[in-house]
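One structure, as C-alpha cells, below. Some questions next.
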Amino acid sequence: MNVAKLTTGLPRQCFRTAPCRIVRGMVAARSVTTGAAASSTPSGSGDFDFDLFTIGAGSGGVRGSRFAASYGAKVAVCELPFDYVSSERAGGVGGTCVLRGCVPKKLMVYAAQYAEEFKAAEGFGWTLPAGAVQHSWTSFIEAKRKELQRLNNAYKNTLNNAKVTLIEGRGRLVDPHTVEVDGRRYRARNILIAVGGRASRLDIPGAELCITSDEALELQECPKKIAVLGGGYIAVEFSGIFGRLGAEVHTCYRQPLPLRGFDGEVRKFAADQYTAAGLHLHPGVTPVKVVRQDDGRLTLTVQHGGPTGHTEELRDLDQVLMATGRVPNTSGLGLSEAGVALGPRGQVRVDEFCRTAVPSIWAVGDVIDRIQLTPVALMEGMAVAKSIALNQPSQPDYWAVPSAVFSHPEIASVGYTEEAAAEVYGDLDIYSTSFRPMKNTISGSPLRTFMKIVVDAASQKVVGMHMVGAEAAEIMQGFAVAVKLGATKAQMDSVVGIHPSAAEEFVTMRSVTRKVRKPEPAAAS
Ligand SMILES: Cc1cc2nc3c(=O)[nH]c(=O)nc-3n(C[C@H](O)[C@H](O)[C@H](O)COP(=O)(O)OP(=O)(O)OC[C@H]3O[C@@H](n4cnc5c(N)ncnc54)[C@H](O)[C@@H]3O)c2cc1C
Ligand SMILES: NC(=O)c1ccc[n+]([C@@H]2O[C@H](COP(=O)([O-])OP(=O)(O)OC[C@H]3O[C@@H](n4cnc5c(N)ncnc54)[C@H](O)[C@@H]3O)[C@@H](O)[C@H]2O)c1
C-alpha cells in the first residue's frame, strides 16, 4: 500500500502527491476481519518467552505493548538507557516525543510565548520596568529536565502496571522469532519494530559543527544569533522559539516558501507572518558549508538558486541548527537479514495492517515513515495490538489526521489542501478570511489570523480546514471531528458561534471566496 499516496489530512505525505479516492473506501474497511492472519505461529514450534516482543519504547512501542498486554498477551519491550540527547547507545522510555520531541519542544514554545505576552501586556496598561523581566535559560532547562525525568518514570510505571516486561538495552533481530538484547536472546511469537527515527545531517563541510533538534533542546545558553536549515516543521518551530526568546534567527530553505506540502495559501500567509514576527527568511537557498570563526562563532555559506547561483555568508552565528528531516533508525537492527523489506530511506515496508513481509514481524511509527506524528504512531500501535492479541486484523485509518505546527504564529490543518482537493474532487468552493485578532488591536502585535475551508462543490462536504493564528491547534482538534464525520458546509453553518472568539469564524464564513472549477476538456477539432 502506498500510504504516501493514499493518506490524507496531513501535509507532508498526503499533499505532495494527490491522494486518491480509494482511501475513503479503506476507511470503511477498518477493523474488518480479512484474509490476513492475525498473530503468527511458526510451523512446529510453540516455545516462546513472549507473545509480543517490542523493540523501542517510544510512542508507538509503548502504546502497542501496553494495549497488547491489556488484551491478555505476554509482552516485553526493550529500550536504550535514558539520556536527553539520543545516540546509538542512548534513548529512554517515552521515546522521541516525550524526551526530545513534542513535549520539550512545547515546553520551549510556552517559555517563548511569555516574551510575547509581556510585550502585549503594555498595550493593556501594564507597566514592566526596564530590566524587571528577565528569562533564565538555565532555570528553564533545569525545570524541563526534571519534567522529562518525571515523564520517563511515569512511562516506566505505565508499562509496569500493564505487566509489560521492560528490558534495558539495544535490541537486534536474530531471526523472525528471536530478538537479542545485549547478548541475551528472547523468543517471541510476534515482534514489533518501533524504533522511530533520528535527525539526519546534511553531508556538507562543517556539518559536525551544527546541532540538531536533540541538542537545540539541551543548549547551555540561548543563542543570540542562529541559522536554521530547512523549512519543515522543526525548522519553523525552533525559529519561532529562538526568535521570541530574543535571538536573531535566519531560516534558510530551498523552496520559495516554507512548509512544503501544506496548503499554498497557508504557506504564503505563514511566511509573511514569520517575517512580521521578526524572522529573517532566506528562501531558495542551499547550505554549502559551515566554518568555525577565530572567535569561536560560526559562518554559514548558502547558495542562491541553482549551482550557478551566487553565494552568501551568514556570519557570527552562535549555532547552526540542521532541521533537514529525520531518517528511520533501522541500521544494524538485523532487519534485512531476517527478511524484512526496507524502502529507499531505510524505512520498514509494511502492509495496511502494519505487518512486514515476514508474517511474525510488525512495524509502527516513524520507522515506517508514513506520517511522522505521535498520534499516528499511537493509532498504529493500537491497531497492531488488536491484530496480534485480539485476533482482529485492524488497519490504521489515515483519513483526516489533523496536525499542527507550533511556530509563531501557530498553524493547524485537517483534510486536504486546496491543491490536493482540486486533484481529487475537481470542483471546489473555497471560503477564506484573514483578520487582525481582537487581542492584537491593542497589544501592538502586527500578527494576523488566516482561516480557510475547502469544500467539495458537488457534495458540499468540508474536505479541508486550515488556520494560521493563535490557538490554531486547539481550535482545529474540534473541527477535525466534523471533517472526519463528513460534515457539509451547511451543517457547519448551522452551528452557533462562540463570541467573541477566533474560532467562530469557521462557522460564520458564508460567502464563497473563490470557486475552483476543473478546466473543460479541449473540444476535438
Ligand atoms: C523536535 C521534534 C518535535 C516533534 N513535535 C511533534 C509534535 O508536536 N507533535 C507530534 O505529533 N509529533 C511531533 N514529533 C514527532 C514525534 O516525536 C514522532 O512522530 C514520534 O515520537 C514517533 O514515535 P515512534 O514510536 O515511532 O518513535 P520514537 O518515539 O522515536 O521511539 C523509538 C524508540 O526506540 C528506541 N530505539 C531505537 N533503536 C532501538 C534499539 N535497537 N533497541 C531498543 N530501543 C531502540 C529509541 O531510543 C526510542 O526511544 C516531533 C519530533 C521531533 C524530533
Ligand atoms: N508539530 C508537529 O507535529 C511536529 C513537529 C516537529 C516534527 N514533526 C515531525 O517530524 C518530522 C521531521 O521534521 P523535520 O522538520 O526535520 O522534517 P520535514 O520533512 O518536515 O522538513 C525537512 C526540511 O529539510 C529540507 N531538506 C531536506 N533535505 C535537504 C537538503 N539536502 N538540503 C537542504 N534542505 C533539505 C526539506 O526541504 C524540508 O524543508 C516531520 O515530518 C513531522 O512529521 C512534527
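Cβ coordinates come from backbone N, Cα and C, glycine included.
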Check TrEMBL for me: it has Gly230, Gly231, Gly232, Tyr233, Ile234, Ala235, Val236, Glu237 binding NAD(+), so pick out which one of Gly309, Gly325, Gly332, Gly334 it puts in that same site.
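Of Gly309, Gly325, Gly332, Gly334, Gly325 joins Gly230, Gly231, Gly232, Tyr233, Ile234, Ala235, Val236, Glu237 in the NAD(+) site that TrEMBL records.
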Provide, as an integer number of angstrom, the distance between the C-alpha atoms of Ile234 (NAD(+) binding site) and Asp366 (FAD binding site).
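Here the two Cα atoms lie 15 Å apart.
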Work through the recorded positions one by one (Cys102, Gly171, Asp366, His499) and name whichever has its CA nearest to the CA of Val236 (NAD(+) binding site).
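For Val236 (NAD(+) binding site), the closest Cα among Cys102, Gly171, Asp366, His499 is found at Cys102.
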Considering all pairs of residues in Lys106, Gly171, Asp366, annotated in the record as contacting FAD, what is the maximal C-alpha distance expressed in whole angstrom?
30
For the C-alpha pair, I'd like the distance in angstrom between Cys102 (disulfide bond) and Gly325 (NAD(+) binding site), rounded off.
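Their Cα atoms are separated by 15 Å.
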Which recorded positions out of Cys97, Gly232, His499 lie by ligand 2, going by a Cβ under 6 Å?
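Cβ under 6 Å from ligand 2: Gly232.
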Within 10 Å of the Cβ of Ile234 (NAD(+) binding site), how many other Cβ atoms can be counted across all chains shown?
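By my count, 23.
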Of the recorded positions Gly230, Ile234, Val236, Gly325, Asp366, His499, which ones put their CB under 6 Å from ligand 1?
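Correct list: Ile234, Asp366.
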